[in-house]
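Since the structure comes first, as C-alpha cells, the remarks are kept for the end.
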Amino acid sequence: MNIFNKVTLQSMKKSRTRTIVTIIGVVLSAAMITGVATFGVSLLNYLANGAAQKYGGWHVEFLNVDSSFAQERTLDKGVANTATFENIGYAKLDGGKNPKKPYLFMAGFSKKAFDTLPISLMSGRLPENSGEILVPMSAEVNSGVKFAEGDTLSLAVGNRMNGNKNLGQHDPYISGKETLMPKAKRTYNVVGIYYLPGIEEPSAPGYTLITKADAGDTADSLNLFVTLKNPRGVHAYASSTAGTGTYVFNDNVLRFMGLSDDNIFNTLLYSVGGILVALIMIGSIFLIYNSFNISLNERTHQFGILSSVGATARQLRNSVLFEGLCIGAVGIPIGVIAGIGSIRLVISVVARNFGDIMYSNVPLTLTVSIPVIVVAAAVSMVTILISAYIPARKAASTPVMESIRQTNEVKVESKAVKTSKLAQRIYGLEGTLALKNFKRNKKRYRSIVLSLVLSVVLFISTSAFVTDLKQASERAVVFTTYDIGVATQDMDDSEMLPLYDKLKTTGGVYEGSYQALMKYSCAAKASDLSDDYWKYAGSHSPDEKVNLPMELQFLDDSTYLNMIKGLGLPAEEYTGQNAKIIAVAKVTSHMKANREHELDEFIDIFKSSSMNFTIAPETNGKPKMEQGRNVSIKFVNTVPPDTLPILEKSGSNNPFIFRVMAPYSLKEKFETPDTHVAIKGMTFRSKTPIQSAAKMEAMIKGAGVKSNYTLYNFSKVLDENRNMIFIANVFAYTFIIMISLIAVANVFNTISTNIKLRRRELAMLRSVGMSERDFQKMMNFECAFYGMRALIFGLPIAAISSWLIYKGMVAGGADNIDFVFPWGSIGISVFSVFLVVFITMLYAISKIKRENIIDALRDDMT
C-alpha cells in the first residue's frame, strides 16, 4: 500500500461520521439496485412457472413430423424431454355457431404428452384407450353444441386440404378455399370435459378433442414438443433441426425468460427496470458525490501540501478513487445482502396476493441469480466511481497555492450576499446572518436542496400514482349488490326458473333473485320534462314529442314486493295484472361511470312524480309505436337493483337513466313478437362466493342446460383488484422509503459535515457575545431556508408530475378517474422536510456547543 492510500485511510478514520454515513448511502443504493433486480428475476421466474403450468414447459413445437424424426430428437444432446401427440384429423362440427371454428380436431396423446401438456379437468377422467375422448368446455361455450360425459361421438375423420397442402391447427380456417377430405369413421366415448387447452391457439379452426394414442403406433403425422436443457439455444436449435419443416416457439413461457420475439414486452420489461435503476443511481450519486465533495473540502489543505512536495495530479485523483473503492468494498456486500433480505420479506408479504390474482398453484418465491447480483454490484460500484471521479478531477486540477490557502472555497461578491432592509427587519440579526451564509454557500448547500427536492417529488408522485391506480381499479369493476350472476339471452323461463330453485340451495348462498331486462321507448311531451333535463338535452319546442329510451326491468315477485313495502307504497295498487309500476328517471351525464353516489345527487328528468305514458318495445334502437301500450308510472327515489352485464353492447350512451321496474309475473304481458330481451338471469349473494360459484358451475353442467349462459363472480374480480392495489402499495412505498432514506442520509451528511467545516466561523460568533439562544435562532433560520428552498422547487415539480401521471393513465384507458390533488402527501412532505433538517441541525449544533471556543478558533481546517 502506497503512502497516498495510507493517508486516505487515516482521513477516513478521522472523519468517521461522514465515512459511516457514506457507507450507509452505498448500502442503501446497493440494496435498492439488488432488490429491484432480484424481484425482477423472481417475478419473471414466477410468471414463467405459471405459464408453464398453463401452457406446458416445452420450448419448441415441430409440426406434422413423422415418428422417425421424433425418435431422433430424443437422442439430441441438448434435449431434456420430448413429447408427441398424433394428428388424427378433423371432423365436421354439426350445429356449430362459430363460423371461424367449424371443426373438431382429434389429438392422440402419448403418455409423455399427458405429463408435458397441461390438462385441467372440469369433470370426468382422462382417456385410457383410443376409444375414449376428452371434450373441451370451449367447444360447448363457443359453438353452442352440448357435450356430456357418456355421449358417443361417431365422426368422419379426415384432413383439411387447400389444394395439395395439408392444413393443421396453426392454419386458420379459409372459407371457400379449403375442403375436408374424410379418411375413416371413428367412434369415441366422452369420458370427461376439460378447460381450454393451452396448446390451442385462438385462431385454430378446430376444437381440440383429446384421446389416447395406441401404444407402438407409428403415426405419419405427429406434433413434437421439445424441452431443452438450456432454453437460450432454442432459436438456433429449432432452425438447425427443422430443415424445411415448420416449428412454433412456446412464446408464452419464453417471453418471461427474455427469449421471445415479443419486442413490446421486452421493451416494457427493460425500460421499467432501467428507469427504476436510473432513479436509484441519481439519488445515490447525490449522496455519494456530496460525501466525496465534502471529503475534498476537508482534504484540500492536505492535497496542497502533498502537491507541494511532488504529488502528481494522477496520484491525487487515484487517492480519491481509492476512498471510493474502500467504501464500496464495505458497503456493496452489505447492501447486496440487505437487498436480498428485504425483497425476501416483501415477497413473503405479497406472495398470497399474487396467487389470488394470477396462478394460485404456483408459489411466488425468492429467486437469487448470481449474474444478476454481479451486475447489481457492478452498477453500484459504477455509481460510486462516478460520484468520486468528479471531485477527484477537481482535486487534481486545483493549483497548489489555492489548495494550501483554500482561497477558492468561497468566491462571492458583496452584491451576492446583500440583504434588503425589509429582510433585516423581518428576520432580525440572527436571520440575516443565516440568510447571508445561505447565499454565500449556495454551492455547498445545493446538494441538500436537490436531495430534498428529489425525495419530495418521488414521494408525492408515487402517492399520486397509487391513488390513480386505486381509482382505476375500483372503477374498472361494476359495483353490484350481488356476488354471483348467471346471465343469458336465450334461456327460456321453463329452463331458468327450475335452475334458479336449484342454485339458490348452493352452500353459502343466503339471498337470490332473478330478473329480465327489455329495451322500450317512451313518448313524452317536452313540457313534461324538467328544466334540468333540457340543460343536458339542448334547445326544444314546448309542443314537440320526445322519444326517450327506457329499460323495463322485471324482478321476481318477492323482491319487487319488498321494494314496494320499503318505499311505503300500498301493495294492492302496485301488484296484480293492472297494477301501477314504479320507475327511476334521473339525469346522470355529469356523473362518472361505475361510481356509487347518494341518490340526492341525481337530477329528476320529469317535473311530476306520477304520470301516464305510452311505451313501445324497441327493435334495433327504433320504437315500434304500433305495439305501444298505456301505463301509469310512479317515479320513486330509490336505487334500482343492479342488472346483469349485457352480453351485446348497444353502443348507446344516454345522459340519463330511465328504468321502469315491474314484477316478473307481468313479463308475458309486455312481451311481443318483436320484443328483444337484452339480458335475463339470476343473481345471488353468498358468504363464500368463490366456492359457491364453483359449485354453481358444476350444478349447471350437471343439469344439462342447453342454452348459452355466462357465470360472473364479481366478488373474485373485486378481490383481484384489491390485491393489485395492495401489491402496488407495497412496492411503491418500499421504493419511496428507500429513496427517502438515501435523501435523509444525504441531508444528514451534508448538514452535519458543513457545520463541522464552519467550526471556526461559529466559534467566532460565539466569542463576540452571541448568546446560546441567538445562536440557536440563527441555525433555526438556516434550517427554515433549506426547507423552504426545497419546497419551493419540489412542490410545483411534484404537482406537475402528479398531473402528468394522471394524464398518462387517462391516455392509457383509465378515463373514468378524477384528478385528485395530493394534499395529504404534500402535508406529509412539508412536515418531513423540516423535521429531517431540524433534527440533523440539532445533532450537529449539539456537538459544536460542546467544543471549546478557543480550540475551535485555533482550528486551521477551514
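Counting starts with 1 at the first residue shown.
Quick reminder: no glycine exception, Cβ is built from N, Cα and C everywhere.
TrEMBL: automatically predicted annotations, no manual curation.
A quick note: this is a predicted structure, and the numbers were derived from the prediction, not measured.
Feature annotation from TrEMBL assigns domain 'ABC3 transporter permease C-terminal' to 275-399 (among others).
Taking H, G and I as helix, E and B as strand and the rest as coil, DSSP gives the domain 'ABC3 transporter permease C-terminal' (734-853) the counts 101 helix, 0 strand, 19 coil. Residues or ranges marked as domain 'ABC3 transporter permease C-terminal' by TrEMBL: 734-853 (among others).
The transmembrane segment annotation in TrEMBL covers 20-44 (among others).
Sequence annotations record features per position, and here TrEMBL assigns transmembrane segment to 268-289 (among others).
Annotated transmembrane segment per TrEMBL: 324-347 (among others), in sequence order.
The list of residues near the transmembrane segment (367-390) in space but at least 6 beyond its ends in sequence, with Cβ under 8 angstroms from a Cβ of it, reads 26, 29-30, 33-34, 37-38, 40-42, 45, 277, 281, 284-285, 287-289, 291-293, 317, 320-321, 323-325, 327-328, 331-333, 335-336, 339-340. The annotation transmembrane segment is assigned in TrEMBL to 367-390 (among others).
If you look at the transmembrane segment (448-466), the same-chain residues 6 or more away from its ends with a CB under 8 A from one of its CBs are 279, 282-283, 286-287, 290, 725, 728-729, 732-733, 735-736, 739-740, 742-744, 746-747, 750-751, 786-787, 789-791, 793-795, 797-799, 801-802, 805-806, 820, 822, 824-826, 828-829, 832-833, 836-837. Annotation source TrEMBL lists transmembrane segment at 448-466 (among others).
Taken from TrEMBL, the feature transmembrane segment covers 730-751 (among others).
Residues or ranges marked as transmembrane segment by TrEMBL: 783-806 (among others). For the transmembrane segment (783-806), the residues of the chain that approach it from at least six positions outside its boundaries are 434-435, 438, 445, 448-449, 452-453, 455-457, 459-461, 464-465, 468, 751, 817, 819, 821-822, 825-826, 829-830, 833-834, 837-838, 841, judged by C-beta separation under 8 angstroms.
If you look up TrEMBL, you'll see 826-845 (among others) marked as transmembrane segment. Only residues 6 or more beyond the boundaries of the transmembrane segment (826-845), in the same chain, are considered here, and those with a CB under 8 A from a CB of the stretch are 448, 452, 455-456, 459-460, 740, 744, 747-748, 751-752, 755-756, 775-776, 779-780, 782-784, 786-787, 790-791, 794-795, 798.
Below 8 angstroms of C-beta separation, residues 8-9, 12, 19, 22-35, 38-39, 42, 288, 292, 364-366, 368, 373, 376-377, 380-381, 384-385, 387-388, 730-731, 734 of the same chain, each at least six residues beyond the ends of the transmembrane segment (324-347), sit close to that stretch. DSSP assignment over the domain 'ABC3 transporter permease C-terminal' (275-399) gives 107 helix, 0 strand, 18 coil.
Model confidence over the domain 'ABC3 transporter permease C-terminal' (275-399) is summarised by a mean pLDDT of 79.
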